[in-house]
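First comes the structure, then the notes that go with it.
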Amino acid sequence: MPQAVIAPSILAADFGDLAADAQKVIDLGADTLHVDIMDGHFVPNMSIGAPVVKSLRKHMPKVFLDCHLMVSEPEKWVQDFASAGANMYTFHVEAHANPAALIEKIHAAGMKAGVAVKPGTPVEAVLPFADKADMILIMTVEPGFGGQSFMPSVMPKVKTLREKYPNLDIQVDGGLGLGETIETAATAGANVIVAGTSVFAAPDRKAVISGLRQVVNSKY
Ligand SMILES: O=C(CO)[C@H](O)[C@H](O)COP(=O)(O)O
Ligand SMILES: [Fe+2]
């Protein structure tokens, strides 16, 4: 299993002071930033778009920006996000008829490509793309909102992927923090850990980031 990647979700950051709050978690040991994009259509909520990524990029030239597109027309925004400075563009398999072609388009635009699945979508929907994409995201909550409860019921999807692809980056997103949730996700084989509320709301963010990393890295 690849090494841990700890990706705080800026959905839980202070949007009024975003670059500074995001920089803090990087300084405290986070590897990347997870940027949640919601269009109010694929999910029943709206968040931010490419202009915010562009501004963040200006403030943090070197930080890896992992963008999670919860949008109905993911092919529409590839160039905007590439131009804005996104490093990874993760789209939902439920939102596109030809994921392989979209992965190629994302790569051609100079970004890494991720493919996400909602909790109700079987893992078979992403298996054909696991060797083309740079990462598979198994959602551990219904996409659309931060601060929800982790769903252990999706762990068999993580296990199946890890058994078939020992070196794949497998991301989990939603409701993760220290304790039972990270233990369960890491045991199943997840190595890229998104954590919004548990990091940004913690009195000791550094301890949460290093604790998550330690649990993942103890599994291999
Ligand atoms: O994609 C998401 C929601 O759709 C977020 O990344 C996720 O919810 C992270 O937030 P938290 O750790 O607070 O659950
Ligand atoms: Fe996300």
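Each residue, glycine too, has its Cβ placed from N, Cα and C.
Sequence annotations record features per position, and here TrEMBL assigns active site, proton acceptor to ASP36. Around ASP36 (active site, proton acceptor), the same-chain residues at least 6 positions away in sequence with a Cβ under 8 Å from its Cβ are SER9, ILE10, LEU11, SER47, ILE48, HIS68, MET70, GLY146.
ASP173 (active site, proton donor) is surrounded by 28 other CB atoms, counting those within 10 A of its CB over all protein chains shown. According to TrEMBL, the active site, proton donor annotation covers ASP173.
Annotation for GLY175 (substrate binding site): same-chain Cβ neighbours under 8 Å, separated by at least 6 residues, are THR140, VAL141, GLN148, SER149, PHE150, MET151, THR181. DSSP assigns GLY175 (substrate binding site) to coil in the three-state reduction, outside any helix or strand. Annotated substrate binding site per TrEMBL: SER9, HIS68, GLY144, PHE145, GLY146, GLY147, GLY175, GLY196, THR197, in sequence order.
The divalent metal cation binding site annotation in TrEMBL covers HIS34, ASP36, HIS68, ASP173.
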Using the Cβ centroid of SER9, HIS68, GLY144, PHE145, GLY146, GLY147, GLY175, GLY196, THR197 as the reference point for the substrate site, which residues of the same chain not in that list have Cβ within 8 Å? LEU11, ALA12, ASP36, VAL141, GLN148, ASP173, GLY174
Cα of THR197 (substrate binding site) to Cα of ASP173 (active site, proton donor): how many Å, rounded? 11
Cα-Cα separation of HIS34 (divalent metal cation binding site) and ASP173 (active site, proton donor), in Å? 9
Students should find that the Cβ of GLY146 (substrate binding site) has, within 10 Å, a number of other Cβ atoms equal to 20
Distance [Cα-Cα, Å, rounded] between GLY144 (substrate binding site) and ASP173 (active site, proton donor): 11
Given the divalent metal cation site residues HIS34, ASP36, HIS68, ASP173, which other residues of that chain have a Cβ within 8 Å of the mean position of their Cβ atoms, reported in sequence order? ALA7, SER9, LEU11, VAL35, ASP66, CYS67, THR90, LEU137, VAL194, GLY196
